[in-house]
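Have a look at the structure below, then the notes.
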Amino acid sequence: MKLIVGLGNPEKRHENTRHNIGFEVIDEMARLFQTGMTTGKGNFHHAKITHRGKGVIVLKPMTYMNLSGHAVVAAMNFYKIPVEEILVICDDLNIPLGSIRLRAKGSAGGQNGLKHIIQCLGREDFARLRVGIGRDHPSGSYSSFVLGKFSEEERKTADSIIPECAEAALDFVVHGIEHAMNRFNRKNA
């Protein structure tokens, strides 16, 4: 069983913000498998899917971004999923919009959702898919940028990368993180 976690913030006011692109990837995966999200045994929404004979839980924490670790640990414990079987999908403002980067492990890199997951797990060795939301952000408050909505032009780019992110996550499910990294990482990320 694999666990694919998309990070974001709950509440309608956060829909379609840069910070919620992880949620959008999970929604795309649920759409691809024609399933809806249900409330889990913890503070998360999830769906169970099967891809090429492999069981997958796709999950959206219903905590705020900086408390995402609680939902991840609850799902891991409930479904008995080891850390090696997890992929976390999150936004990254240091990667250009339209680019993605997969890693087998690493630091939080300033992403508070990842930071809390690392804190709760006590380790950094879980796979992550970072979705670029733009290097060309204005100087000043990063929080207002990541919590802001995409411009019309940016939205088109974001919408075009979401299916690729879902495909990369499914590649991880079938072939593992190394294969997904080799297939989907781009030089400009």
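Cβ coordinates come from backbone N, Cα and C, glycine included.
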Candidate sharing the tRNA site with His14, Tyr64, Asn66 (per Swiss-Prot), from Asn94, Asn112, Asn182: Asn112
Inter-residue C-alpha distance, Asp91 (site 'Stabilizes the basic form of H active site to accept a proton') and Asn66 (tRNA binding site) (nearest angstrom): 13
By Cα-Cα distance, the member of recorded positions His19, Tyr64, Asn66, Asn112 nearest Asn9 (site 'Discriminates between blocked and unblocked aminoacyl-tRNA'): Tyr64
Cα-Cα distance, maximum over His14, Tyr64, Asn66, Asn112, record's tRNA binders, Å: 16
